[in-house]
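A.B. asks: According to TrEMBL, the transmembrane segment annotation covers A:16-36, A:57-75, A:95-119, A:131-154, A:190-212, A:245-263, A:373-394, A:410-432, A:464-488.
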Amino acid sequence: MEALDLARWQFGITTVYHFIFVPLTIGLSLLVAIMQTIAVRSKDPVRKDAWTRLTKFFGSMLIVNFGIGIATGIVQEFQFGMNWSEYSRYVGDVFGAPLALEGLLAFFLESVFLGLWIFGWNKLPEKIHLLTIWMVAIGTMLSAYFIIAANSFMQHPVGAVLNPETGRAELDPSQGSILSVLTNVTTLAAFPHVISGAWLVASAFVTGVAGWHMVRHHNKARELGMETTDGAEHHLMSRDVFRPAVRFGVVAMFVSALVLVISGDFQAKIMFEQQPMKMASAEALCETQSGAPFSILTVGGPDAFAADCDSVTHLIEVPYVTAILATYDPNATLQGVDDLNAQYKEQFGETTTDIFGNEVEADYRPNLFVTYWSFRLMIGLAVFSAIVAFWALWVTRGKGDQARTTGSKAFAWFTVLAIPMPFLANSAGWVFTEMGRQPWVVHPNPLDPTVRLMTIQGVSSNPGWMVLTSMVTFTLLYGVLAVVWFYLMRKAALKGIPIPQRDEQTDELDTPAISFGY
Amino acid sequence: MDMIDPTLLQTLWFALIAFFFLGYFLLEGFDFGVEMNVLALGKGDTERRGTIISTIAPIWDGNQVWLLVGGASIFAAFPEWYATLFSGFYLALLLLLVMLIVRVCAFKYRAKHDTPTWTKTWDWVHILSGFLPALLWGVAFANIVRGVAIDGNSWVTTSLLGLLNPFGLLGGIVFVLLFWLHGTLYLTLRTVGELREDANRLAGILILPTIIAGAAFLIWYQLAYSNSALTWLPLLVAAVALVAVAVLNRMRREGAAFMASLTAIGGAGVTLFGGLFPYVLPATNDAANSLTVAGASSSEHTLLVMTIAVVVFMPIVLAYEIWSFWVFRHRIAGPDDPQPPGLVERARGAYREAFDQDGGRRHAES
């Protein structure tokens, strides 16, 4: 493999890995902030107590997760310069600004206030302490906004112009400059999609973990007998602490799903206009077609892993859906991959020049297999979340004294096993949008295609062995960290919330604290 | 290449990059030093080591952000510098990144599991990620101000071994000593009892080698590489401040000694950055290939946009970061006690009443 492929693999590995943790951090910091708000605002002592415990319980997992997101995020910022120096030279005048703004507005906010939140329990006044977790949540969302704005510039450059003197893209005051970059329509569509994707990850997580404990305490209560003191405590844990958390998670799932679907639909329309090649690849639409159907299963040639258009066979199709997805018009004409490729060759040239000045043949088609399947995986995995949400709603139905919990082991297992699904959907979405953009690192804006850069032109000049060294190092290190992370998250999740122990002599309730600091 | 004079905005941004990195070294510098003292003052005792780490537990993360903002600012304000430097110092940065990654995990995960092997492993990660990043930053900065070989494409041709030249290595040693001293003085400010005494003693031992190595490094730099005679001034400030550390530490004036060590690091930083101007990365092989402030920068418009952002947001950042230092200013006695008695007792009482874990439940049952 050459340095270019290795650098792409490294970017893929480190980014997908980073974005396993980031959505949970973004979503969970908001959910924990809401939990703590409910706790602070509750007048009913039972309710206040339950939500305080939930805040600390999910907060302890948020902290474990936060660490690894920060650690892997540093790599992301350095990587542009290390592996993609020629890209950095070309876009730095535009692309650097959102990254610097992210540091200035978001990283400081989340880091400083996370410290204050973790170590400020019982030290800061209640309302001030509540404010700190909100600052953390706002910081994570701001961070996402700036990164999406930076990424959107790669999908659809705006606010910039090619300066022939310097040979690079520069912010253009006459096109709205940084404000255009930050209000790129691509950003406005992608941000709600990414954020609601993060919420879905976190709310499925909360539902899964709380669902597990609700069932556990429910069964423990029946086992011990509801009339015993301990049995009653377990019943209260199930009904008053974890059941509200499950329902809270379900509500958050519905909100996330609504935003996800609306923003996703909007994105498809934009993508059809801005990156028709990506849309066509998502559908493995090889030839230009009117009223294009949405294919559910497609095989390519004899090996089923075809990365190009030769002998692609659509097996199952739903008529008109792709056309509607792209334009709202069932009879719209969509251009196929091969036609677009021919058109781009005419527009951007049959060949391109790499960083060493060699002429290389240009192929403007992304990897069809990856784009087609990652798009379907992203959407298809939502089925699991939908089942969890409706199932959880059903088993926790009822109000007040009629409020139900369940002892169903099947439910407990299903909610827990459904936790990774939105994580995978997030990864699939990023793989789709990044690999669907290839061979471009900065995709030309159809309205003004002068600002554009092919991936092959963005890589650093470092030799392959060097990139391989760093790729292997990061992969191994990340592998070890994944094991540590999983172990600690599992431990924190399984621990649950301690039952108060009754002191035999004084008959006082003693609640073990949930450890919080480092 | 004719030397073009940098514009006002370019000069301002060179100064701002220096400001962000100085902020990083002044703040994260004592965090590195504190982590080195997990070894030097920890005495292999888990609880003592825990106490040492908890002096920086609430604030190290915010301190580290100075690096992220500094790095991103180089990207935004000097893309050519960012591209050449980061691709050129590839393996050194890889090593640094590995250390910064495991370091975050050491902070977050050390207390999350309770077996001797677990704790000891993360203690060693702390120790290594105190010493190694300090060393690597020293080597890297010494080579930035000294210059490396750069070809006509602005690609660095100096290898990792080439960075380990005598001047680079001395720079590494100086950074380790400066940060170690800085972190030790910080510990005298934030701990009590035996640990405080030991830190005071260790600072007394560290000061002499720091003065010798620091003076050798800076004078070598000033004579051989600095582009300005003016940098003798901050150099002198740094020297006086280090001597003051020695005196103040002996007098047990802990706050003043820490301020002096801040001044020393600040003076050294200003010397290095000031002497680098008007270059950002000199070429040792062919002066024409040097990256300059004027040549490596973003457009004037981008610099203006970024200036507005910094002017608006940096004061807010400084305000809440200083507030967090204020909240966690008290001396601590043990690992689970990041900030014990004294602070806002009244609020604490009210908060405990409202938020205490068993308060509500007991209330509910009665």
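Even glycines carry a Cβ here, placed using N, Cα and C.
Help me picture these features in the structure, burial and contacts included.
C.D. replies: Nonlocal intrachain contacts for the transmembrane segment (A:57-75), taken as residues 6+ away from its ends with a CB within less than 8 angstroms of a stretch CB, comprise 14, 17-18, 21-22, 24-25, 28-29, 31-32, 35, 111, 114, 117-118, 133, 206, 209, 474, 478, 481, 485, 488-489, 492-493, 496-497, 514-516.
Outside the transmembrane segment (A:95-119), and at least 6 residues removed from its termini, the chain residues within Cβ reach (under 8 Å) are 29, 59, 63, 66, 70, 77, 80, 88, 129, 132-133, 135-136, 138-140, 142-143, 146-147, 149-150, 153-154, 171, 178, 181-182, 516-518.
Note on the transmembrane segment (A:410-432): residues 12, 15-16, 19-20, 23-24, 193, 197-198, 200-201, 204-205, 207-209, 211-212, 214-216, 282, 370-371, 374-375, 377-379, 381-382, 384-385, 387-388, 391-392, 395 of its chain, located 6 or more positions outside it, place their CB under 8 angstroms from a CB of the stretch.
Long-range contacts of the transmembrane segment (A:464-488) within the same chain: residues 1-3, 6-7, 9-10, 13-14, 17, 21, 64-65, 68, 71-72, 75, 82-83, each at least 6 residues beyond the stretch ends and with a Cβ under 8 Å from a Cβ of the stretch.
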A.B. asks: Given the transmembrane segment (A:245-263), which of the listed stretches A:16-36, A:131-154, A:190-212, A:373-394 has the most Cβ pairs that are under 8 Å apart from it?
C.D. replies: A:190-212
A.B. asks: Taking residues 6+ outside the transmembrane segment (A:373-394), which of them lie with a CB under 8 Å of any CB in it?
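C.D. replies: Residues packing against the transmembrane segment (A:373-394) from afar: 200, 204, 207-208, 211, 246-247, 249-250, 253-254, 257, 260, 282, 296, 411, 414-415, 418, 421-422, 424-425, 428-429, 431-432, 435-436.
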